[in-house]
Amino acid sequence: MACCIPDELKEQKRINQEIERQLKRDKRDARRELKLLLLGTGESGKSTFIKQMRIIHGAGYSDEDKRSHIKIVYQNIFMAMHAMIRAMDTLNIQYINPANRENGNMIRQIDYETVTTFDKPCVDAIISLWNDDGIQECYDRRREYQLTDSAKYYLDSVERISQQDYLPTLQDILRVRVPTTGIIEYPFDLDSIIFRMVDVGGQRSERRKWIHCFENVTSIMFLVALSEYDQVLVESDNENRMEESKALFRTIITYPWFQNSSVILFLNKKDLLEEKIMHSHLVDYFPEFDGPKKEASTAREFILKMFVELNPDPDKIIYSHFTCATDTENIRFVFAAVKDTILQLNLKEYNLV
C-alpha cells in the first residue's frame, strides 16, 4: 500500500496542475473581451457610432433591416417639420406663400410619433413648406430652438423617400434620430478579440442608469458634438450644450471606477462645425476664444484644448480624434487607430503577447 502513495500524490498533483491551467485559460479567455463604454451628452453621435461598427465590423443591414427603418425615417421628417412650424410662431416669422399656413396646420395636426405612411397630400405639403423662404429663414435660425441635425438631409430628400419602392440607404439609417433609452450593447469580433461597445442614453434622465456599466471598463469613448457650441439643452433652454458636455466629461474622468481605463475623446460633427462657423461665431459663446472667425480648424483645436484641460491627472493621456460619425470611411480610419491604441495599452493585461 505504501508504494502506491507516491503514485496517488503524483496523480493528485497532475489533476491540480490541470485545474490551474484551466483556470488560467478561463481567465485569459475572459480577458480577451474589451469593454468600451460610449459616453457623452444627448445627440453627440453615440448611436451613430454603434451603427458604423455594425456596418464596418458586423453584419451590416439587410434589406429587411432597412425596411424596418422606413417608418422611423418618415417620423424624423414629420418631427423636423413640426419643430419648424412651431418655431415659425415663436420666432414670429411669416410664410412667403400664404398657402403654407394651411399646409403647416395640416402637418401640425399629425402626431409624428404614430406616422407609418407618407401619403401624397403630406408629401406635397412638406415639399411646399420646405421650399418656402419663411421656413428657410426659420431653418437658418435653428440654434434658437430644438431641431435635429438631420432635418435638412431628410427634407432635401422627400421626393426620393416618398417613392412607393423606397428602401432606406445606409446614410438614411445613420442619420435617423431615435433617442437612446436604457443601455444598448453591441459586441463584435476583431482579430479574435471581442470588443463590447456599450451605448447609454445621453439625456440627463438616462444618466442615472450608467452606474451599472462601470465595472471592468477597458476604455471610455467620450463623444462631444463640435457643432453644439451655440446650442442650448433639450432639458433646459438657458444652459449651453457644450458647457454641459464639459461638466459631464470632467465628472467622468475623475470617477474612481475609471482610474485604469484609457480615455478616448471623439470631437464629433466636424462637418457641421465647418458649416456653422461661417455664420455663428465661437467667441459669442466662449469669450476666451481669441482665434479668427470663420476658421473651423482653429475653432476645433480651441474646443479640444478646453476638454483636455479638464483632466486633473498629468499622467493620464487623453487620446483625441476629430470625427464625422455619419462618414463611414472616416470612422473606419479612426476606429482602426483607436483599436491599435487600445490593444497597445492592454497587451499584458489581456494576454495579447
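Note that Cβ sites are derived from N, Cα and C of the backbone, with glycine treated the same way.
Summarising the annotation, Swiss-Prot assigns S-palmitoyl cysteine to CYS3 (among others) and lists sequence analysis as the type of evidence.
Residues or ranges marked as S-palmitoyl cysteine in Swiss-Prot (evidence: sequence analysis): CYS4 (among others).
Across the residues of the domain 'G-alpha' (32-353), the predicted structure has a mean pLDDT of 93. What Swiss-Prot records for 32-353 is domain 'G-alpha', and it gives sequence analysis as the kind of evidence.
The annotation region 'G1 motif' is assigned in Swiss-Prot to 35-48 on the grounds of sequence analysis. Within the chain carrying the region 'G1 motif' (35-48), a Cβ under 8 angstroms from the stretch's Cβ atoms is held by residues 148-149, 174-175, 177-180, 184, 195-203, 206, 210, 213-214, 216-225, 228, 234, 241, 244-245, 248, 252, 261, 266, 268-269, 323, 325-326, 342, all 6 or more beyond its ends.
All chains included, 26 other C-beta atoms sit within 10 angstroms of the C-beta of ALA325 (GTP binding site). The GTP binding site annotation in Swiss-Prot covers 40-47, 174-180, 199-203, 268-271, ALA325 and rests on similarity to another entry.
Using a Cβ-Cβ cut-off under 8 Å and counting only residues 6 or more beyond its ends in the same chain, the region 'G2 motif' (172-180) has close neighbours at 42-43, 46-48, 51-52, 61, 66, 69, 72-73, 76, 79, 148-150, 153-154, 157, 161, 199-203, 206, 325-326, 328. Feature annotation from Swiss-Prot assigns region 'G2 motif' to 172-180; the stated evidence is sequence analysis.
Under the heading region 'G3 motif', Swiss-Prot lists 195-204, citing sequence analysis as support.
The region 'G4 motif' annotation in Swiss-Prot covers 264-271 and rests on sequence analysis. When Cβ-Cβ distances below 8 Å are used as the criterion, the region 'G4 motif' (264-271) is approached by residues 40, 44-45, 49, 149, 219-228, 249, 296, 300, 303-304, 307-308, 318-327, 334, 338, 341-342 of the same chain, each at least six residues removed from its ends.
Here the region 'G5 motif' (323-328) has long-range neighbours at 45, 48-49, 52, 55-56, 170-171, 174-175, 223, 266-271, 334, meaning same-chain residues at least 6 beyond its ends whose C-beta is under 8 angstroms from one of its own. The region 'G5 motif' feature in Swiss-Prot is assigned to 323-328; the stated evidence is sequence analysis.
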The one of LEU174, VAL178, VAL200 whose CB sees the fewest other CB atoms within 10 Å, among these binding-site residues: VAL178
Residues satisfying Cβ distance under 8 Å from ASN268 (GTP binding site), sequence separation of at least 6: SER44, GLY45, LEU223, VAL224, ALA225, LEU226, THR323, CYS324, ALA325
Where LEU174 (GTP binding site) sits in the secondary structure, as DSSP reduces it to three classes: helix
